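What Swiss-Prot says about this protein:
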- LEU18, ARG19, GLY60, LYS63, THR64, SER65, GLU126, ASP127, TYR128, ARG169, TYR179, ARG216: ATP binding site (BINDING)
- THR64: Mg(2+) binding site (BINDING)
- LYS308, ARG313: DNA binding site (BINDING)
- 1-179: region 'Large ATPase domain (RuvB-L)' (REGION)
- 180-250: region 'Small ATPAse domain (RuvB-S)' (REGION)
- 253-337: region 'Head domain (RuvB-H)' (REGION)
Amino acid sequence: MTHQVSVLHQDKKFDISLRPKGLREFCGQKQLTERLELFLHAAVQRGEVPGHCLFFGPPGLGKTSLAHIVAHTVGKGLVVASGPQLVKPSDLLGLLTSLQEGDVFFIDEIHRMGKVAEEYLYSAMEDYKIDITIDSGPGARSVSVDLAPFSLVGATTRSGMLSEPLRARFSFTGRMSYYSDEDLTTILKRSSNLLGIDADTAALYEIARRSRGTPRLANNLLRWVRDFAQMREGNCINSDVAEKALAMLLIDDWGLNEIDIKLLTTIIDYYQGGPVGIKTLSVAVGEDIKTLEDVYEPFLILKGLLKKTSRGRMVTQIAYNHLKRCSDNLQSLGEEK
């Protein structure tokens, strides 16, 4: 148990050490970051607290990093909360009253807030006021309490699940997209410099193009390649070493992993290529529906390997071609041996 806690602590330190401190260090999402820089600096120049910000998109693209950057840019504190933990007004009360003027209040997975807590947040966002109920029973009375002006930053992987009243209270909204291989390579160069990893550009590009357009995954794979090189290759990290390390994780040259392949082959082998419903697919693959929808499907759809129809999921011809190529490659490797 102690070892597990230690590993988790190391993972957290690893993530924090690589987090960009400002927008100039944040690679990718150029249109979004240009708008955000203008939005924040204009407010700072006027001596005002910036308006509330909402960032949405797939997991691992840097929404939490942007929340930290907002706080760093305005030079104030950051208070962090998670949507699922905010169910009732009392869950918000202590957090909101502890905020100092200009602080950033970051709510991750904001779409998972309880409805009652969400409605309690409306007046805090709009008027910097909340109502507190004093006493109970017939003598109960409501008192309005002023809050210090603050900026709320919300992050969500499912913007469609946000209510319209909540969404309308955000002055700035930014959709985060998957990163290009080139941007990920730049991110990995920065990460390798910070971590003291000696890897050539070709190796970093091999990692980048297998990272599903996601910086968090790219940095995790960089760490794995570092460990592999340390134990098997005398700390040498070139493209060949990167390929070997990633092959050990069963990640192909498109970034598809074991679950991706299983999902596609299940549809092909058992459901004639589809369509098949998401509930049936979840049982067949052994992954919960939310994980399939949030983690695996977006990338497969982006790559043109999977399509969603009104009748269910279907595999595309591109998927058939890719899986055949992977099979041929494995066969040729076996013949070489």
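Glycine is treated like the rest: Cβ placed from N, Cα and C.
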Position of peak Cβ density within 10 Å, selected from the binding-site residues TYR128, TYR179: TYR179
Recorded ATP site residues LEU18, ARG19, GLY60, LYS63, THR64, SER65, GLU126, ASP127, TYR128, ARG169, TYR179, ARG216, farthest C-alpha pair in Å: 37
Assigned conformation of LYS308 (DNA binding site) - DSSP reduced to three states: strand
Rounded inter-Cα distance in Å - GLU126 (ATP binding site), ARG313 (DNA binding site): 42
Average pLDDT across the region 'Small ATPAse domain (RuvB-S)' (180-250), rounded to a whole number: 96
Three-state composition of the region 'Head domain (RuvB-H)' (253-337), taking helix and strand from DSSP: 56 helix, 9 strand, 20 coil
Alpha-carbon spacing, TYR128 (ATP binding site) to LYS308 (DNA binding site), which is rounded to whole Å: 43
Distance [Cα-Cα, Å, rounded] between ARG313 (DNA binding site) and TYR179 (ATP binding site): 25
Greatest C-beta neighbour count within 10 angstroms, which of the binding-site residues LEU18, GLU126, LYS308, ARG313: ARG313
Separation of alpha carbons, LYS308 (DNA binding site) and LEU18 (ATP binding site) (Å): 36
Helix, strand or coil at GLU126 (ATP binding site) [DSSP, three-state]: helix
Cα-Cα distance linking LYS308 (DNA binding site) and GLY60 (ATP binding site), given in Å to the nearest integer: 23
Helix, strand or coil at TYR179 (ATP binding site) [DSSP, three-state]: coil
Where GLY60 (ATP binding site) sits in the secondary structure, as DSSP reduces it to three classes: coil
